[in-house]
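Listed in TrEMBL:
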type    : residues                         : note
BINDING : 41, 42, 43, 44, 45, 73, 112, 141 : 4-amino-2-methyl-5-(diphosphooxymethyl)pyrimidine binding site
BINDING : 74, 93                           : Mg(2+) binding site
DOMAIN  : 15-196                           : domain 'Thiamine phosphate synthase/TenI'
Ligand SMILES: Cc1ncc(COP(=O)(O)OP(=O)(O)O)c(N)n1
Ligand SMILES: Cc1ncsc1CCOP(=O)(O)O
Ligand SMILES: [Mg+2]
């Protein structure tokens, strides 16, 4: 994450796409970008590689226009082929160390964690950031790990400090605008979300509110 840590806000909000009947993946990403988000993950869970590639090319183009970082969920080969900015990997995906061998050091690799042991393992494997959750129940992902709540983040952040592990931690799972101050106070670096933006009456305005809330928590 070397290049963009200069802008503290760039990696404070990751928007993750999700299938809806209302918006296409591309329109969802566009709304988040228009609202000021600069970190987008294309997550197309039940799509084929071919379908994902076609959408990814469009979302990547849009992200470049906005100077945003573009990640793809799960699909290491596609990330390599398209030269996306990075990939997000969970327990059932390619191991982070293997992905690092394929992608090299110039791609971002995020790893999912539910416990401090997960965080440490990803740190040792060379992850660039952690998606840590779920904060609370969400329907956006099936087969959720145990809910962390605020106490879960406090405990993980505290254990990271104790062991000198410095890695950005992004909270995820059922996060709303109102949750942001308390979540940021636990010491995490940022948040990732989907439903709060996609279910809002006005997703662009909702994103703007989230971005300003995160900026306030910076000051
Ligand atoms: C930022 C972020 N955090 C966690 C996840 C979940 O990844 P994973 O556990 O691999 O589950 P799927 O998203 O693949 O269903 C994520 N995608 N992004
Ligand atoms: C991908 C993922 N991993 C854990 S929760 C989640 C979904 C987050 O989406 P939402 O913000 O809609 O709960
Ligand atoms: Mg995954």
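Backbone N, Cα and C define each Cβ position, glycine as well.
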Listed binding-site residues adjacent to ligand 2, that is, members of 41, 45, 93, 141 whose C-beta is under 6 A away: 141
Nonlocal neighbours by CB distance (under 8 Å) for residue 45 (4-amino-2-methyl-5-(diphosphooxymethyl)pyrimidine binding site), same chain, sequence gap 6 or more: 19, 73
Neighbouring C-beta atoms (10 Å sphere around the C-beta of residue 73 (4-amino-2-methyl-5-(diphosphooxymethyl)pyrimidine binding site)): 21
Distance-selected binding-site residues near ligand 3 (C-beta under 6 Å), from 74, 93, 112: 74, 93
Distance [Cα-Cα, Å, rounded] between residue 43 (4-amino-2-methyl-5-(diphosphooxymethyl)pyrimidine binding site) and residue 74 (Mg(2+) binding site): 8
Around the Cβ of residue 112 (4-amino-2-methyl-5-(diphosphooxymethyl)pyrimidine binding site), the count of other Cβ atoms that are within 10 Å: 21
Rounded inter-Cα distance in Å - residue 93 (Mg(2+) binding site), residue 42 (4-amino-2-methyl-5-(diphosphooxymethyl)pyrimidine binding site): 15
Which binding-site residues sit within 10 Å of residue 74 (Mg(2+) binding site) - Cα, from 44, 112, 141: 44
List of residues, in chain order, with Cβ under 8 A from that of residue 42 (4-amino-2-methyl-5-(diphosphooxymethyl)pyrimidine binding site) and at least 6 apart: 17, 25, 29, 52, 55, 56, 59, 70, 71, 72, 73
